[in-house]
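Worksheet: one structure, shown below.
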Amino acid sequence: MSTADLMLRWAIALLLAAAGVAAEDSCGKNEFQCRDGKCIVSKWVCDGSRECPDGSDESPETCMSVTCRSGEFSCGGRVSRCIPDSWRCDGRTDCENGSDELDCSPKTCSLDEFRCQDGKCISRQFVCDQDWDCLDGSDEAHCAATTCGPAHFRCNSSSCIPSLWACDGDRDCDDGSDEWPQNCGAEDTAAEVVSSPCSSLEFHCGSSECIHRSWVCDGAADCKDKSDEENCAVTTCRPDEFQCADGSCIHGSRQCDREHDCKDMSDELGCINVTQCDGPNKFKCHSGECISLDKVCNSARDCRDWSDEPIKECKTNECLDNNGGCSHICKDLKIGYECLCPSGFRLVDGHQCEDIDECQEPDTCSQLCVNLEGSFKCECRAGFHMDPHTRVCKAVGSIGFLLFTNRHEVRKMTLDRSEYTSLIPNLKNVVALDTEVANNRIYWSDLSQRKIYSAVMDQGTSLSYDAIISGDLHAPDGLAVDWIHGNIYWTDSVPGTVSVADTKGVRRRTLFREKGSRPRAIVVDPVHGFMYWTDWGTPAKIKKGGLNGVDIYSLVTEDIQWPNGITLDLPSGRLYWVDSKLHSISSIDVNGGGRKTILEDEKQLAHPFSLAIYEDKVYWTDVLNEAIFSANRLTGSDVNLVAKNLMSPEDIVLFHNVTQPRGVNWCEATVLPNGGCQYMCLPAPQISAHSPKFTCACPDGMLLAKDMRSCLPEVDTVPTTQGTSTIGPVVTTSAAVSLKRKEDPSATRHKEDPSATRHNEDPSATSTSRQPGDTPELSTVESVTVSSQVQGDMAGRGDEVQRHGVGFLSIFLPIALVALLVFGAILLWRNWRLRNINSINFDNPVYQKTTEDEIHICRSQDGYTYPSRQMVSLEDDVA
């Protein structure tokens, strides 16, 4: 390539770069330009959340010019934010200047409200509903005994449950009275226990087999004598199913799909897309007419083109010859024939039938789906039993209850609404929440105090709690507990970090940090070693990574705007999250496939904040509605109001032993305590059968030694600042202490999305020569830090340099481009002149070109995710 060509290419590249810079200087019609040049949607300006990285969309100068819409209240003052009118005089200060709580008239209850003894108002429909909606319980005082309907069973505690749930081996009443022997027939039950070889959770068939009790009356005969399907109630279909005229059920999506899925073809009756020629007694002529089927092959012309009287087809039964080529059913028609398939099969090529795998549809079963030839079977995981009436997998054991925050307290509500109490009162600004079921312990974060607390539940009046994380916290919006390994994980949206600590708060470490990210809610899967969190930064996304901070990448990057709460349904292996701007609840499997929108509703999902999954229900909190709702987690149907007037409900979790299954703590299963790690032992993601069970980690500012277990101080570090973090500098080590990284083969999965780049800040990425045990255990406060003042000065200088740099480029860049073009023209002229000079060249036969040999530079095909030196082997510990 000549010098002139090279210079021309440089000139073109600079011109394109200049055009790109100019394009970024302006935003669209419905966009707002941040001070740093970024464009956001105009309706996000002054909405209470910072979408601009520099916060200019929420600055006082910007918000002073905002005009509130109808149904909103203007705070006025220095920051004129808009809040819903419903927040006005609600007893909670929402405006920075407190104007929403000024000049409020004394609280009076309306005619449709009940006044509690403490002065608060609740809806009259909550009175005597067996639920304490007043904190003092006055709404449940002097109530008459509850009367249950004829199809319900009355518990000893006066609550009502469906009669089908009584004596089914599963405690549905909170006091277990639905399973008491005196209510189930003590003599008969005792006799059955003695003579029956089946357990209490099994059904004894008349043909002597034992089957699961939940299989009784499920529509499929499992006993040889079919005794499990005798004396059953009339079959009813699920809300997402269509009931055929013969009583059978098909998935609702198969109704009116132009295919007969019901045996009686009732699923295609009454459909809008049915034409006048559709149906078994209609025939459509080739010329367009529609005639009745009895006029076909009657030796009379009823179609203009005689297509109703073909000579060869009339009175010919094609099914007599090799069944017409049909694999199952051949139906002879007056003209031609058609192949049919039995229930549970579908026609694939006009002749062959194949089994329909109903289990490919995620909504087919509540939990487990077993595909059978021509049918399927729904089953439940351990700890659940299927309800024969609703086909829902119900948890075994005590009744579950919801725990949720409402800024100043943590409340507890049982799912049957028999108990509704204030669990932890008198809090400042509680947001994030999670539990440790086995130890009956609860954890929460307080944004005002900037601390993470822990307490034992149900302490009664003598409530006490501890601050386990009390330093280097800014906005701990998300919290999750690893109940197997005894760790807690939290997000901090200010520095954009995800951190981990033991449940005592003694050891902690930052696992993830990304400039511009805004991690919000987090959920963990300690059984498989993964964590997931929502990020409402730019771009918004959902991230996935190992619990030890490795293999982090973006799982969801499309059709997502403001992801808030996230939860994991372990039995189904699906993630659920709410999007506050899309007003939706969505789900996806843990590998990023099978995405589905469960529900979209601007009223009931006005501003969803958090959600929880239990059995077949999804529960979510809504800040604007000040309420908790529930719906079917598979279909989004059956939306119900669980609680209201909650004063900013935020995080919500479901407390039940089935939500936290037991697992192996490999850090404690080895001979060496703490897995042989000097500081922290963190579970590793189980990507394959060869993945390590755990890896060691060091506090921020320290590195793993060569033994990959002990910790050493970082050397030759260069502190840098990132964002507005004051937790500590992001440090880079010199080549002398760097560890060679292998290429991650899975990184190609996210080439289209820059945010999908995997991050690994595990200190195991570096090592130095040091003997284990030389360095004592260190806390995070001993790591290298940079003061807030120094970081602010550095950030200010950076902004100033950037402003001067932009002005300098605007002057220098055009001059440089013109100079390059002139220089390129001179080179082209000289090149043209040299070509016009005649010359004679003599090739030297001795000189041979030696640069034609190809040089191949190979790199390892192994992934970097788990270097061999990081793996901790149990056999090594035993040795």
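For all residues, glycine too, the Cβ spot is worked out from N, Cα and C.
Given the ranges 30-79, 130-179, 230-279, 830-879, the record in Swiss-Prot names 830-879 as region 'Required for MYLIP-triggered down-regulation of LDLR'. Swiss-Prot names the disulfide partner of CYS339 among CYS326, CYS353 as CYS326. Considering THR189, THR435, THR557, THR733, the record held by Swiss-Prot lists THR733, annotated as phosphothreonine. Within the set CYS330, CYS341, CYS369, the cysteine that Swiss-Prot bonds to CYS353 via a disulfide is CYS341.
Each residue contributes its Cα atom, and for ASN657 (N-linked glycosylation site) and ASN156 (N-linked glycosylation site) those atoms are 24 Å apart. Counted within 10 Å of its Cβ, the other Cβ atoms near ASN657 (N-linked glycosylation site) come to 15, all protein chains included. A Cα-Cα distance of 52 Å separates ASN97 (N-linked glycosylation site) from ASN156 (N-linked glycosylation site).
Taking DSSP states H, G and I as helix and E and B as strand, the domain 'LDL-receptor class A 1' (25-65) has 10 helix, 6 strand, 25 coil.
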